[in-house]
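Peer 1: So Swiss-Prot has the following annotated:
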- Cys91: active site, for E2-like domain (ACT_SITE)
- Cys493: active site, for E1-like domain (ACT_SITE)
- Cys496: active site, for E1-like domain (ACT_SITE)
- Cys513: active site, for E1-like domain (ACT_SITE)
Amino acid sequence: MEEGRLHRVMLSCGYSFTYARNLPEKAILYSQNCQQGYYTKEYTTVAGDVKIALIIRADPFIELPIAYILELPEQFKDRLMPHISLEGFLCYVEQMEADWDSNNLEDTYREVDAQIQRTLVNSVSAAMEGSNDKKELEGEFTAYWRPSESLFVLSNANRSTRLKTFISQSVRPNGSSQVEYITVEESSPENSGKVISAWLKLRYLPKNSLKEYHISTHYISVNPSRVAGMKWPPASFRDLLSWLGKADHNAKNKVVEYIKKEGKKRYVFLFDVLKQDTFGIYVEFDLKSIDLKRYKHSAKNSTAKLSTVLGGKSVCSMYQRLGVVRADIETLLSRNTRREGSAKLSEKRIALVGCGTIGGYLAELLLRNGAGCGKGHLHLYDDDLYKPSNFGRHTLSAHDFGRYKSLSLARKLKDSVHLPTQIIGFEKQFSIRADLMQKYDIIIDATGRPPVSKRMASIVRTIALEKRPKIIHAFNDGNGRASKVFIDDGRSCYGCMVSNPEKYRNGIDSRFCHIDISREKNKNCGSTYTPYDAAVSNITASLTQMAVLSTLDPELKWTYSEHMLEGGRSLKSQFLPRQPNCPICNEYE
């Protein structure tokens, strides 16, 4: 029934059903399978007709069809066209981001038909006239580059940085060759054996896979006059120089000048195309076929001559297109960037006190927001050992049984990233002293112990306000029934929170007063715990992450937040007022 409905819709849009055996034999959809077929249609453009085949997905209601180009005007063969891959697939919509009425098949496929027409018109216009070609290709230019290998940039590369590249070459278990290029800034912390070794380890590359030499690497900005409609991707170094000559002759001259000046055998060039992305190449020259020293001190007009010579088959012995992947610290943290005007977590001195369930989850969240990855540092405090009984509620593995949680967690964080970090674990309790506390910008109390929280709230008030760190108390309440986070920025304290007569009775949240909290705990000599799953601790860690990040904004929006899993409704985030009966605040008035 649905197939018949879809068939009628496609016919109404001007499509006809074509068996795969009747398609052009060069098309990747061609097949002798007598049962297989596709809906095809010719779309009109100023350059001629474009024939499209639609590949209908398993569920046409929630999956849009794939558009494949069967026939394209001859003038566009091997040319770069926006939204058309080299294999011939047309990207007419970003399906994962799109929204449509999945219950209205007719309107959905009519819109697909119209969108394909619009996309083809824009693509042809860009290829023929350069009309909005940079905009049409934005974000997808390098998708048509077709690299043979990957190059990972571990430093923040730009035109002003001096770069060098290492090559890792090894053999996969199936016998195929595995090559990876690794680029770093010469004067950066990433240019060290420790960082490179960490990268190889994380990438499961053998230590001995690294070649002994490094390659001269240059970062070149390209401001192309146009990008669409040109032959792409360049199949040789000669073709690349030809493309640069048409797109941006200054960039081409820089490439030749670097080779002329240095006279080396091997080069890596990274091309940063304006408003597009970065792609790279590796070239190797046969120095027996060309004496580069002859050109080093020659006249400026020799650049054009050298350009012609370098493109020769006997001179350029190797040419590889490289896919450039940025893996520097800014890229790693780019999706967690705060609003403009906010401080960076990587610059903050942070102490995480308590590396149990909450602290374990929180530490990983903090790292991914930059903690310990810049000028600041992340210190982890806990004197507790990690036991098998902790496994169900912790991020650590069986490898860490019998080891200090703080040390194991610090090692896990450092091993999860290839770049240098300032993360240190201390196998001891945090000493609640004013001189130690003021060495930090943010202190996170994840102990879940009221005596620790009250003592921190008291001692921090002996520090002058301008030198005082922000204290963030994170804890599960009601034996796992609630997640709570409180930011002590000086206006109220932990004591104020538990002294509020409207919400607390004898230090216990009034919503949990009817529960026999003590009875639910498992108590042994030297060990007390409450059995509940890790979900509440995950939530508390996430709330604490929000609290930490909110302290980076110019102004705090709240100091208290909670999430109730059972026992009542969650209160909205708010500023907790100072309580006149708070013993801590009253002591320091």
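Placement of Cβ uses the backbone N, Cα and C atoms for every residue, glycine included.
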Peer 1: From the Cα of Cys513 (active site, for E1-like domain) across to the Cα of Cys493 (active site, for E1-like domain), what is the distance in angstrom?
Peer 2: 22
Peer 1: In whole Å, how far does the CA atom of Cys513 (active site, for E1-like domain) lie from that of Cys496 (active site, for E1-like domain)?
Peer 2: 19
Peer 1: Which one of these active-site residues has the most other Cβ atoms within 10 Å of its own Cβ: Cys91, Cys493, Cys496, Cys513?
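Peer 2: Going through Cys91, Cys493, Cys496, Cys513 one by one, the largest Cβ count within 10 Å is at Cys493.
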Peer 1: What's the CA to CA span in angstrom from Cys496 (active site, for E1-like domain) over to Cys91 (active site, for E2-like domain)?
Peer 2: 58
Peer 1: DSSP on Cys513 (active site, for E1-like domain), three-state: which is it?
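Peer 2: In the DSSP reduction, Cys513 (active site, for E1-like domain) maps to coil.
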Peer 1: DSSP three-state call for Cys496 (active site, for E1-like domain): helix, strand or coil?
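Peer 2: In three-state terms, Cys496 (active site, for E1-like domain) counts as helix.
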Peer 1: When DSSP states are folded down to helix, strand and coil, where does Cys91 (active site, for E2-like domain) land?
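Peer 2: The three-state answer is coil.
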